[in-house]
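Asker: This is the structure I have questions about; it appears just below.
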Amino acid sequence: MDPEAFSASLFKWDPRGAMPPPNRLLEAVAPPQPPPPPLPPPQPLPPAYSIRTRELGGLEEMFQAYGIRYYTAAKITELGFTVNTLLDMKDDELDDMMNSLSQIFRWELLVGERYGIKAAIRAERRRLEEEEGRRRHILSDGGTNVLDALSQEGLSEEPVQQQEREAAGSGGGGTAWEVVAPGGGRMRQRRRKKVVVGRERRGSSMEEDEDTEEGQEDNEDYNINNEGGGGISERQREHPFIVTEPGEVARGKKNGLDYLFHLYEQCRDFLIQVQNIAKERGEKCPTKVTNQVFRFAKKAGASYINKPKMRHYVHCYALHCLDEDASNALRRAFKERGENVGAWRQACYKPLVAIAARQGWDIDAIFNGHPRLSIWYVPTKLRQLCHSERSNAAAAASTSVSGGGVDHLPHF
């Protein structure tokens, strides 16, 4: 018997008996499993206005910040009202809508809800207007704004300084009707430089305050050529005016005086539209042609109506309204002599001062008493001329009285 075979069979190692069970082997080798992750915190419930947002047609976004209940907005939608419908409604129509809501659904509106609905509608209107204004501003900056046919027909790229040369070259130089005080030209040049520097510092996009409308008339003689850009850059402007007789159509690239007076009638129509819009919105209603009217005209496409030009010739329009026969006679006389529009404009002051002299020198009362002139501010230069002539007349009267009394004084 082979001893090696015996020992091998006796001490043969059984690997199946020596190996632990598979489960225990895995338990010993595999690392311990991490604990399961904690459950995420429960999401907060969305506000009531975010539920079924599409069913309210946008009312929830407009009413959410004004304390209006979701049920109230839902019932307004059930009545068939949308955001666009509410924005186009007047205040009395909104009151009727809220009364109908209370009567039909027997839903009592809170006092704050009644005011909140109107406040939300006004805020939405302002937001839409601001967006429209920004859009128009971007388009105008890009040069893509389209002028209407009337303004495009009479536009040119000639330098803005031409009208200033016309006024400087007008006839009758050196008279009191051209300048109120001596040295006025130098003062205007100094003021013009100050205005240019001041506007460069403030930026050309800053708009003038409407509360200083009447005070800003002082600069009408040089502000006519410096609109918007502070006199820094040339702007697209209308063809210059020429003196024409009543009913005469200007030839070539010119505009007649009948067209000029028609622009003032258009301004009156724009003022009426602005007043109607302000009444519908419950806002302050302007009574005179202010910056608000000029901005409205520009938005409506009538960019050929601008403040400097309309203020520059307002006294000419006043003479046309107060004494049309005298205005027509003046136009014919200057047309026959071949005078330019600057000379005609200066000559329009004298008949107005004569009219004021016959009515107690109260030029403001004359303007306010006329239906077509009451919407315009009295030009500062016209008021100064009336004051100057009144002072001269009073001085002459006092001199004549004192001179007549000297002869009767006793001689020592």
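The backbone N, Cα and C atoms fix where each Cβ goes, glycine too.
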Asker: I'm validating the feature mapping. Which of 12-16, 127-131, 237-241, 282-286 is tagged DNA-binding region in Swiss-Prot?
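Answerer: That would be 237-241, the stretch labelled DNA-binding region in Swiss-Prot.
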Asker: Pick from 50-57, 306-313, 386-393: which stretch is listed in Swiss-Prot under DNA-binding region?
Answerer: 306-313
Asker: Look up DNA-binding region in Swiss-Prot and report which of 17-20, 249-252, 377-380 it refers to.
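Answerer: Going through 17-20, 249-252, 377-380 one by one, Swiss-Prot gives DNA-binding region for 377-380.
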Asker: What whole-number Å value do you get for the CA-CA distance of ARG295 (site 'Interaction with DNA') and GLY342 (site 'Interaction with DNA')?
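Answerer: ARG295 (site 'Interaction with DNA') to GLY342 (site 'Interaction with DNA'), Cα-Cα distance: 27 Å.
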Asker: Give the residue counts of the DNA-binding region (377-380) per reduced DSSP state, in the order helix, strand, coil.
Answerer: 1 helix, 0 strand, 3 coil
Asker: Identify which of the recorded sites LYS284, ARG295 has its Cβ surrounded by the largest number of other Cβ atoms within 10 Å, counting every protein chain shown.
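Answerer: Going through LYS284, ARG295 one by one, the largest Cβ count within 10 Å is at ARG295.
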